[in-house]
Amino acid sequence: MSGAIFTSLEGPGALDGTSGHPLVCPLCHAQYERPCLLDCFHEFCAGCLRGRAADGRLACPLCQHQTVVKGPSGLPPVDRLLQFLVDSSGDGTEVVRCANCDLECGKQDAETTYFCNTCGQPLCARCRDETHRARMFARHDIVALGQRSRDVLQKCTLHAEPYVLFSTDKKSLLCIRCFRDMQGESRVHCVDLESAYVQGCERLQQAVLEVKALQTATREAIELLQAMVEEVRRSAAEEEAAIQALFSSMQDKLSERKALLLQAVQSLANKAEFLDLGYELMERLQGIVTRPHRLRPAQSSKITSDHRAEFARCLEPLLLLGPRRAAGAGGGTSTLTGGLGPKVLRGPGCPSPVGKMLGSPVQKPTLHRSISTKVLLAEGDASPFTEHCRHYEDSYRRLQAEMQNLKDQVQELHRDLTKHHSLIKAEIMGDILHKALQVDAQIASEYASVEGLRAVFQEIWEDSYQRVANEQEIYEAQLHDLLQLKQENAYLTTITKQITPYIRSIAKVKERLEPRFQVPVDEPSDHPQNTHDDGVNAEAPARVSTLKPAMEKEVS
């Protein structure tokens, strides 16, 4: 309960080792003394919380929830409910003396010690029977000492009258005088103590049931989370075992393949095989040597990768990032983009010269923007941006017409001034300047309105950008799949071309060894060719026995 205890409880699990008694402080492990209730409904002794507040906020030692505290003490108010429970459950050794015989009676003997409310004095059991047996004491109000301590709160502190009613509106006990002082509409909410007690018990029972249901649901959720943690651990162990098994099997397969390759390399060929295939091997080696080879590396040793851009591109869908349009602002000038060039809004204190205004007419919308807007409006899609474009075109045409009107008037004045060397219509100069200021204010208002829609359109554009990014990713994956199929087909074609000579050779030898596979000869003109083939193939049986083991190795 000392203010020097500042050991932090690491989460709710720290309560497992402490006492689960509801009247014991989780910090000092002693009975509450002036318990204080925090906003997170955790309670601690006032002494345990003293000195923990910082900047008007008090962090809960259990869950770190911030509670706003007021006053110089830096402590929340004392919890009257828990304080009552602590006082009611106390087993103190308060000693009272009998007013007649001075017999000491402890508070634990409150049920066998009495108190006379009429006399205002405590009495032991023997003196109660001896002194208050007479008829003159028959009207004295004698109650047990414990009952007297509980009856102290049964009288109004304002009027010293016993409580008879309870206000369900203000949640307070009322005596008869408090009831009389209340307004008429407030008396409707007053009920007798017995009815209020029954209603309070029912509501308390309902609240207890709700808390028990919450405890049950919380316990089930904790069990579910624990089961899920066990499943995650078991799944991780199974995945690790699967990876280890796959790695071991891969090592075994690679070892077997290594042994087979080494055996094939280390096998010796006989002289016939060497004479039959050696020169072909030499020709291949000579061809390999004569082919151009790049003996120097074409790349440098420095590794450069666009990993930052790749990371940024991967994080864009998660952080809802998209192409941002930078809005430039400087001084008192605002730049409007979307025309042939920047349009500058100047304040009333800096009017543009007449010559510059005549030399820089109001720029009309670009052909690209006009055509794009017309196409967008012609599509008929109902979207916020379409409605904005439709409203913008109307406002822009109106402002453009006003600017053209002012331009014509100023050009006419300028023409009169240059021709006649005098200002013919001086009275309309003020009107033109006033209208120009009004148009300037309208343009600024329209610009602010359009600029205010940036956040709405930016969110819509970000969604569209995410969809386009997903489509691009799918498109690139499709191209990659097609390239992979093309590469596999190239490998297949190469392998087929490599094994074609061997298959044809085996087929010819098989035709010579098995006459039933031979094609019947119908035309006599083929006999000379067949005679030549017999001479060529006469040596085939002798070569088959020599080539067959080598070809089997090659095919395998």
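Keep in mind that glycine also has a Cβ here, set from the backbone N, Cα and C atoms.
Looking at 162-217, 218-273, the stretch flagged in Swiss-Prot as coiled coil turns out to be 218-273. Residues 93-145 are the range that Swiss-Prot records as zinc finger, among 93-145, 464-516. What surrounds the Zn(2+) site, by Cβ distance within 8 Å of the Cβ centroid and not counting C98, C101, C127, H132, is the set A99, N100, L103, L123, C124, R126, R128, E130, T131 from the same chain. Within 10 Å of the Cβ of C127 (Zn(2+) binding site) there are 17 other Cβ atoms, across all protein chains. Over all protein chains present, the Cβ of C101 (Zn(2+) binding site) has 12 other Cβ atoms lying within 10 Å. Other Cβ atoms within 10 Å of the Cβ of H132 (Zn(2+) binding site), summed over all protein chains shown, number 18. Counted with DSSP, the zinc finger (93-145) comes out as 14 helix, 15 strand, 24 coil.
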